[in-house]
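Data first, discussion second: the structure below is written as structure tokens.
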Amino acid sequence: MKTKSTCAQNPNCSIMIFRPTKEEFNDFDKYIAYMESQGAHRAGLAKVIPPKEWRARQSYDNISNILIATPLQQVVSGQAGVFTQYHKKKKGMTVGEYRELANSKKYQTPPHLDFEDLERKYWKNRLYESPIYGADVSGSLFDGKTQQWNVGHLGTIQDLLEQECGIVIEGVNTPYLYFGMWKTTFAWHTEDMDLYSINYLHFGQPKTWYAVPPEHGRRLERLARELFPGSSQGCQAFLRHKVALISPTVLKENGIPFGRITQEAGEFMVTFPYGYHAGFNHGFNCAEAINFATPRWIDYGKVASQCSCGEARVSFSMDAFVRILQPERYELWKRGQDQAVVDHTETMVSTSQELTTRRVTKAPRKTWGLKRLRLRQVSRSLLPIATVSNVPCNMQVCHTSRQPSDVKGDDVQKSDSARASPHPLSLPSSGHMSTRRCSLGRRPCELGAQESSNGAPVKRQLPAGRDDTSPSPELQPQAVSGDLIVDSGLVNPGPQHLMTASEGGLTSDP
């Protein structure tokens, strides 16, 4: 049985960095619970550096022929640190062709002294030379043998969405890949249904993230309504379109607390429920992202805002989650009398030291390896798509209308032709991949765990059964100086279970 307790940890809402041991890395749910017990969720974002023995994939040498079906050119308008980003669909290209483009003179990363210098160049030159983002490629690059933290097989309660309701939404409960270049961006947003997300940077140049603590999310929304009055009038939750860019300078000037951190290859970023985040890529790279859930998320899901204009709507019924995981509140929920109240400072802790979470029995889902990835030379004929019918619960099918992604931290809008999956091509590789992210009621808009013209990409819902991807020692927090957090990993981390709290990572006016 779980009890709630107010989390007094991390009162400054600093972005934390965790280094689990090999043993601690074995239980994903338990480690997320541990991170929250230390207050990581209060920042809305945390970094996890895997044990040195762990590998997501043995080699990335054979991915050049993967097809990025609908690259998105990110065009920006605006001034003084306040921009609107929209997307122009470009002709499909392979990862190898995209790499050459990203490293070309026109799009390559400019010379810079350090991450902070590159960040200044980003905001100074964002209006020029619109970059192209290879976002929302459905699938995974994790080896099938990778058990720990394989984003396609996290085994969290989000699996109820497919198991109980037969709902599969690309990018939500199946992974998306994001191929980035210098200046490709994910605009300010929270995850669909205010879920958690996890983003792994497989290889390439770093990615800088900004995050506003969940307890200050309403302040960011109010500022965004003032800065983008037209968009605000057209949609009650227009930030879900993932097109609004607000610079750190503007946030500081308006007293909005935020943190920033740079993710490097081989590192995970975890976003927490109702944690607004945004960011940009430093150069050619590849990230993989997916959403997940814990029991603490359920009350967030009940009250999550929804896009009211249909541009970026991804929603599903909370019925199965309440019925199975909050049975004592289910009858009230059905009558509309269950008033969910979210306290962003609280965390869910177990009465036992095990931090056990109700685990849903799950049959292993087949995953798409590179052999299932869409390749340039593969036939474009389509796989049959089954209808989602006779689902064993009240969960409504996700509404799919979404803008192109800017980042998941990554997202994008998709064409109808790109929404169908091709026949598999046999390749001697492990991992799993396809080409798009699906979501009901959402159109492409974001690139990071989220990007087509005039918005971000849309998530697609797939029928279930489809062959798709899909007690810790005390820590000694270590301060990292500077607003831009760079963790070299060269210093002895001290205790095995080291967490780093970023001093100065949270910024606001006094």
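Even glycines carry a Cβ here, placed using N, Cα and C.
Here's what Swiss-Prot has on this protein:
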| type | residues | note |
| --- | --- | --- |
| DOMAIN | 15-57 | domain 'JmjN' |
| MOD_RES | Glu23 | polyADP-ribosyl glutamic acid |
| MOD_RES | Glu24 | polyADP-ribosyl glutamic acid |
| BINDING | Tyr133, Asn199, Lys207, Lys242 | 2-oxoglutarate binding site |
| BINDING | Cys235, His241, Cys307, Cys309 | Zn(2+) binding site |
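Spanning the listed 2-oxoglutarate site, residues Tyr133, Asn199, Lys207, Lys242 have a farthest Cα to Cα distance of 17 Å.
A gap of 35 Å separates the Cα atoms of Lys242 (2-oxoglutarate binding site) and Glu24 (polyADP-ribosyl glutamic acid). Mean predicted confidence for the domain 'JmjN' (15-57): the pLDDT average there is 97. Neighbour density around each Cβ, counted as other Cβ atoms within 10 Å, peaks among the binding-site residues Cys307, Cys309 at Cys307.
Between the binding-site residues Asn199, Lys207, His241, Lys242, Lys242 has the most other Cβ atoms inside 10 Å of its own Cβ, all protein chains included. When each of the recorded positions Glu24, Tyr133 is scored by how many other Cβ atoms sit within 10 Å of its Cβ, Glu24 comes out lowest.
In the domain 'JmjN' (15-57), the DSSP tally of helix, strand and coil residues is 17 helix, 8 strand, 18 coil. In this structure, His241 (Zn(2+) binding site) is part of a helix by DSSP.
If you take the Cα of Tyr133 (2-oxoglutarate binding site) and the Cα of Glu24 (polyADP-ribosyl glutamic acid), they are about 35 angstrom apart, rounded to a whole number.
Look at Cys307 (Zn(2+) binding site): DSSP puts it in coil. Between the alpha carbons (Cα) of Asn199 (2-oxoglutarate binding site) and Glu24 (polyADP-ribosyl glutamic acid) lies a span of roughly 19 Å.
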